[in-house]
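Taken from Swiss-Prot, the feature transit peptide covers 1-28. The annotation topological domain 'Mitochondrial matrix' is assigned in Swiss-Prot to 29-98. According to Swiss-Prot, the feature transmembrane segment maps to 99-121, an assignment based on sequence analysis. Annotation source Swiss-Prot lists topological domain 'Mitochondrial intermembrane' at 122-176, citing similarity to another entry. Feature annotation from Swiss-Prot assigns coiled coil to 123-151; the stated evidence is sequence analysis. Residues annotated as region 'Disordered' in Swiss-Prot: 149-168. Residues or ranges marked as compositional bias 'Low complexity' by Swiss-Prot: 149-163.
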């Protein structure tokens, strides 16, 4: 009867333990009868005996070796399970190490974005104000030119009109 070990279990000591289990599994032993007439299949059977006087020392050695191999295999399996758990925990810890820096990065980048956006907006407003100010100045110049041209026309017409009205007496200006 063969015992099957997990495929991930690949250490050298487990291979030798596996070979030992193949060569001498507990179920393959023929129950030997001691001088007291009982069948001895395991170390537990040996503990039930009152004395070890009639028991074959070779059988005791084989049972002890077999039990030692089984315990070693169990210890190695537990060790591998613990190593797997530690590896998973170390992976989780490594992910936790990056969470805080990522939050800091996102907060810093959003702050930089908002500051740059505000600066861009402020520059746009200043540029628009300059553009509107230049437009207002051009309109004021045009208005001034128009007013000057109208004033010149009015003053020239008044000069022409003043010559005619100056010929009339002052009391006629009131009635006509």
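Here the Cβ of each residue, glycine as well, is placed from N, Cα and C on the backbone.
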Grouping DSSP H, G, I as helix and E, B as strand, the residues of the topological domain 'Mitochondrial intermembrane' (122-176) number 52 helix, 0 strand, 3 coil
Residues outside the coiled coil (123-151) whose C-beta sits under 8 Å from one of its C-beta atoms, at least 6 past its ends, are none
What DSSP reports for the topological domain 'Mitochondrial matrix' (29-98) is 48 helix, 4 strand, 18 coil
Averaged over the coiled coil (123-151), the pLDDT of the predicted model comes to 96
